[in-house]
Number of protein chains: 2
Amino acid sequence: MPLYALTLEYDGGPFVGWQRQENGLSVQQVLEEAAAKLNGGVVPASVAAGRTDAGVHAEGQVAQLGIDRELPPERLREALNFHTRPHPVAVVAAALAPAGWNARFSAIHRGYRYRILNRRARPALELGRVWHVQQRLDAAAMHDAAQRLLGRHDFSAFRAAACQAKSAMRTLDRLEVSRQGDEVVIVAEARSFLHHQIRNLAGTLLEVGQGKRGVEWPRRVLDGADRTRAGQTAPAEGLCFGFVRYAQEPDWV
Amino acid sequence: MPLYALTLEYDGGPFVGWQRQENGLSVQQVLEEAAAKLNGGVVPASVAAGRTDAGVHAEGQVAQLGIDRELPPERLREALNFHTRPHPVAVVAAALAPAGWNARFSAIHRGYRYRILNRRARPALELGRVWHVQQRLDAAAMHDAAQRLLGRHDFSAFRAAACQAKSAMRTLDRLEVSRQGDEVVIVAEARSFLHHQIRNLAGTLLEVGQGKRGVEWPRRVLDGADRTRAGQTAPAEGLCFGFVRYAQEPDWV
């Protein structure tokens with residue numbers, strides 16, 4: 001059975017998250033049920049690079065899907081974009097997966113973006129895509145604080161209680177905070193992240209931006225390895241899964 | 001009665017357009033009914049810099065509103081953002097209008113942006129915000145063609161049949177087409193535009209981008225002054241009213 005790699009864009013708003021759940025529609029279900037139409041009605045299993053939570057968006061999620069049929073990747077892409085309608089899930093690229101490739105375990109780098117709309121007026125155009133914070137944030141201080149978290153650490157202070165990873169050791173390669181007009185944007189990159197890690201980092205950096213905490217505080221929270229000392233978990237809607245990189249990159253079309 | 005100036009952001013999707021109509025909810029109605037709550041229940045009349053069509057978005061529409069009550073502009077902004085809920089209309093700035101100022105007739109420069117999502121996959125994240133065109137467009141050729149339309153001309157070939165302007169003479173100051181990743185973005189600036197002018201320009205430039213027409217064709221259509229020779233009216237959802245400038249700029253807060 002040939003294995004395909006897919007790059008997915010989706011609006012996380014209407015979904016319970018990437019993963020199939022009893023309580024509502026998931027991106028995985030939409031994708032797999034569309035694929036079943038090309039697989040003689042049999043629903044194939046898919047695996048994603050990141051199991052995004054309810055409300056989290058993706059520009060460049062990557063998933064794998066085995067279909068009992070040889071299809072040119074461009075035809076698979078077109079067919080899935082037809083069958084995933086009208087859901088806000090689109091296959092932007094497809095490829096035959098390289099031998100031994102796995103969408104989740106072969107990923108060597110993941111990039112996310114967290115957007116804060118930092119103005120008095122509530123969002124109209126970007127509703128559901130940003131965290132609305134009215135108090136003026138000091139993005140430079142947030143960036144300064146973020147730089148002290150880079151490198152290999154035990155990120156226990158920033159993981160969700162429900163996080164299933166065996167180890168909380170992660171290497172944070174990039175955590176940049178910048179002001180872009182009315183927005184404060186956080187860009188985070190690492191080989192992999194813990195559950196809620198970026199949203200917990202965003203909620204912690206926020207307190208620095210508000211002036212409630214000094215720029216050295218998030219690092220103290222990190223070193224304390226105690227989740228109860230960190231800031232709030234920032235809301236899902238501000239987060240977007242940007243891209244995944246692989247040592248052996250599929251030949252996307 | 002004090003006159004206030006408001007800068008508005010809205011998602012045009014759920015509305016019949018800026019202007020009040022019998023057949024559905026308009027941005028004007030949402031704004032005026034919110035203002036009535038601050039005006040002893042009396043619905044005040046508003047005037048906008050541009051009467052955007054159904055589905056057209058705004059980042060920086062400007063409107064005026066007379067309310068029988070002296071309010072600090074920041075309080076008016078906050079109160080309107082409360083009372084326009086849950087509609088996707090936000091007041092991003094407010095000011096007391098300068099003496100003699102009119103939101104529509106005092107405007108000296110207007111800027112719009114038209115976004116084309118130019119890729120095979122249908123939009124997921126930008127659904128309702130872009131015109132989806134699958135065939136690869138030559139943005140450089142579109143830009144070249146656009147430059148030949150700049151300056152003062154009779155734009156009859158690009159106005160809607162329903163256009164109510166007395167004269168079709170307009171001065172097009174900027175019409176830039178550029179590729180930004182998967183998008184082809186058209187930026188248009190002028191003192192004022194005719195009804196559907198930008199959408200008709202976008203639909204005409206599209207044919208150049210597709211290679212169906214040469215770069216000199218849109219100028220020949222302009223010179224012919226015949227609407228039936230131009231391209232299609234590009235869909236509303238790709239258009240966003242970006243900003244308005246005034247000789248006497250209100251003191252925005």
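Each Cβ is built from the backbone N, Cα and C atoms, and glycine gets one as well.
Annotation source TrEMBL lists domain 'Pseudouridine synthase I TruA alpha/beta' at A:9-105 (among others).
Residues near A:ASP53 (active site, nucleophile) in space but far in sequence (CB under 8 A, at least 6 apart, same chain), listed by position: A:GLY12, A:GLY17, A:HIS196, A:ALA236, A:LEU239. Summarising the annotation, TrEMBL assigns active site, nucleophile to A:ASP53.
TrEMBL lists A:TYR112 with the feature substrate binding site. A:TYR112 (substrate binding site) is surrounded by 24 other CB atoms, counting those within 10 A of its CB over all protein chains shown.
Residues or ranges marked as domain 'Pseudouridine synthase I TruA alpha/beta' by TrEMBL: A:145-246 (among others). The DSSP breakdown of the domain 'Pseudouridine synthase I TruA alpha/beta' (A:145-246) into helical (H, G, I), extended (E, B) and coil residues amounts to 33 helix, 32 strand, 37 coil.
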Could you give me the DSSP helix, strand and coil counts for the domain 'Pseudouridine synthase I TruA alpha/beta' (A:9-105)? 21 helix, 27 strand, 49 coil
